[in-house]
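K.L.:
Here you go, one structure.
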């Protein structure tokens, strides 16, 4: 009762604030006060502290779950800011891994994984009946359709036979029947009300084809007990069944599991280097288990034969595409002994993680317990690397992906369609509103993983792939004299790749064009991470540091931090004009004729409703009046956002710079350079005194110097090589600094 009253008071205050602030929103960006010469380690620790500060609101106060954003009114993949995703949980693990690396305190990694395990991974009570799952009859077939108006889709019990699931028994033998994967979406504050009180609860949204944008979804519970919706809950909005039963169902997004395992790999490596491997050993074991279960994402949706171009049931591994698909899903009855499982026929390059695949295939600490796990991951990570090469455009960007089920109905591919191991090229897998590969962020996210793979393996087969991508992306980054920046935002694709035969052809008929630029802070952080990791890899494996990539990474971090520093001390913040927010009031959400139901708060679900009509609680949000008044004026509302993944991606990039280039420091962007190479003691001169100071620094005598001025060959390090260069300069054997040979 007290908690409910407190929430009501807070909502009343929030509504009052929304009335008082008519234009843009709170906690906007200002210039960072950080001084030149601040180490990237200190920069990371500052941002880490802001993310973890309970007063800043990145985590739920009761469970410690990371929200999608501090702000509640936001619509993108999640349709509410205090909904969260498996993505956010994986970023939490990554944040704590980097913190352990830089401080030696590894407790956060265990905490982050525990929060993940406690909340976003369904436990045995939340997936009852999996022991009744029959891998020889994994699911009942239903067609996919392009548009929500074609749904519900009929379940075809008798007319379509599906293939068999070849991985399930292997996993059961090692771990038991329950899946160890994350469901992708959770209502942390129980805003929709499908759960109990304010307890976090599983929900879902997307169900109805490639044209179903977030604006056209109908949120529904993952555990369907017929409490809300219509007589059959929400089930008959999506599938046409003979009868409907209470049930549960979950869907993963494998890039999140991949990122979590990737982060634990680094935690394990760094902790062992510190002599503290035991501090993360239990988490490593769980990450290895998760990697084994992630093999479920390697298979066609209904286990049909790859490349058949019809509904041909597969046996064994004939249904394995070995890529990371968009999802795997599983479900079953409540109080009944039945369960089902599906894979996914569509693969997007942005979800691939060959680095994680390599970890699961080759690293003993992450070895799968199953009989076939190591073999499958060995095939998978190599197949994923081929996938990137097949999809690399003539310019260098990576195109969308492939499908084994044309139009979601296993139709014949159009004549002339390029293929990859029998799968058809699609520029925008899974979603078309907007196109799933329009967003530049997938380029940075996915290629960062390839950079880590190269860094750890030195595999020369990917050298040309990543060099071409780096050259392309570097040419598209804009650094302005005033210290601001712009990176690609939207991409336009044309043509298609050549059919894959095992060798990259250059894809002269596949092209990408950047159509807009922006300052997405998370993408900027991920891009900086990718470039810095690439630079470190060139030094390790090619004998020559790519200083341009390293310096661009630093520029992106510096400029993102400096220009978007939150005025209220909450990290970094974006200021965004959201023209799409008119869809709050204009976007119709398709409901079949004759169907009616209710949301938990009483909102009516019926034909003709708009997005806001089944989310009327948004009218109580502090941002709502800003959005509504802007809509009435025909303007795009300008709002400030603190996204959890944005903060973490930028923080991790800071940590990467601190790890691989410890002598580099933050520089206020847009200020004239005052660097005097060789002036190690900052007295405005270069002479033998500087040589003495640099020698003491190299010998670790505890002396403080200007490391920017001391890096005389610009390799990101200050060592005896720089001392030798300085001595030669003082003796006039070298005319200018910096000196590169």
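Placement of Cβ uses the backbone N, Cα and C atoms for every residue, glycine included.
This is the feature table in Swiss-Prot:
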- 1-27: signal peptide (SIGNAL)
- 87: active site, proton donor (ACT_SITE)
- 255: active site, nucleophile (ACT_SITE)
- 679, 681, 683, 684, 685, 690: Ca(2+) 1 binding site (BINDING)
- 711, 713, 715, 717, 722: Ca(2+) 3 binding site (BINDING)
- 711, 712, 717, 722: Ca(2+) 2 binding site (BINDING)
K.L.:
Taking the Cβ of residue 683 (Ca(2+) 1 binding site) as centre, how many other Cβ atoms lie within 10 Å?
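P.N.:
Result for residue 683 (Ca(2+) 1 binding site): 12 other Cβ atoms within 10 Å.
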K.L.:
Compute the C-alpha separation of residue 717 (Ca(2+) 3 binding site) from residue 683 (Ca(2+) 1 binding site), stating it in Å without decimals.
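P.N.:
Cα of residue 717 (Ca(2+) 3 binding site) to Cα of residue 683 (Ca(2+) 1 binding site) measures 22 Å after rounding.
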K.L.:
Please identify, from the binding-site residues 685, 717, the residue with the sparsest Cβ neighbourhood, meaning fewest other Cβ atoms within 10 angstroms.
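P.N.:
Candidates: the binding-site residues 685, 717. Fewest Cβ atoms within 10 Å: 685.
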K.L.:
Would you count the other CB atoms within 10 A of the CB of residue 684 (Ca(2+) 1 binding site), including those on all shown protein chains?
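P.N.:
Counting Cβ neighbours of residue 684 (Ca(2+) 1 binding site) within 10 Å gives 8.
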K.L.:
Given residue 690 (Ca(2+) 1 binding site) and residue 722 (Ca(2+) 3 binding site), what distance in Å do their CA atoms have, once rounded to a whole number?
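P.N.:
Their Cα atoms are separated by 11 Å.
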K.L.:
Residues near the Ca(2+) 2 site, 711, 712, 717, 722 excluded, by Cβ within 8 Å of the Cβ center?
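P.N.:
Output for this site, in sequence order: 663, 707, 710, 713, 714, 715, 718, 719, 721, 725, 738.
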K.L.:
Please give me the CB contact count at 10 A for residue 713 (Ca(2+) 3 binding site), counting all chains in the structure.
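P.N.:
Its Cβ shell of radius 10 Å holds 20 other Cβ atoms.
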K.L.:
Three-state secondary structure of the residue listed as 'active site, nucleophile' from DSSP?
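P.N.:
SS state of the residue listed as 'active site, nucleophile' = helix.
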K.L.:
Most Cβ neighbours within 10 Å: which of the binding-site residues 679, 690, 715, 722 is it?
P.N.:
722
K.L.:
Please identify which of 87, 255, 711 has the densest Cβ environment, defined as other Cβ atoms within 10 Å, among these recorded positions.
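P.N.:
Per the Cβ count within 10 Å, the most buried is 255.
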K.L.:
Give the sequence-ordered set of same-chain residues, not counting 679, 681, 683, 684, 685, 690, with Cβ within 8 Å of the centre of the Cβ atoms defining the Ca(2+) 1 site.
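P.N.:
Once 679, 681, 683, 684, 685, 690 are set aside, the remaining close residues are 676, 678, 680, 682, 686, 687, 689.
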K.L.:
If one measures from the C-alpha of residue 711 (Ca(2+) 3 binding site) to the C-alpha of residue 679 (Ca(2+) 1 binding site), what distance in angstrom results, rounded to a whole number?
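P.N.:
One finds 10 Å between the Cα atoms of these residues.
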K.L.:
Looking at the recorded positions 255, 713, 715, 722, whose Cα is closest in space to that of residue 681 (Ca(2+) 1 binding site)?
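P.N.:
It is 722, whose Cα lies nearest.
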K.L.:
Which residues in the same chain, at least 6 apart in sequence, have a Cβ under 8 Å from the Cβ of residue 712 (Ca(2+) 2 binding site)?
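P.N.:
Residue 712 (Ca(2+) 2 binding site) has long-range Cβ partners 677, 678, 721, 722, 725, 726, 729, 737, 738, 739.
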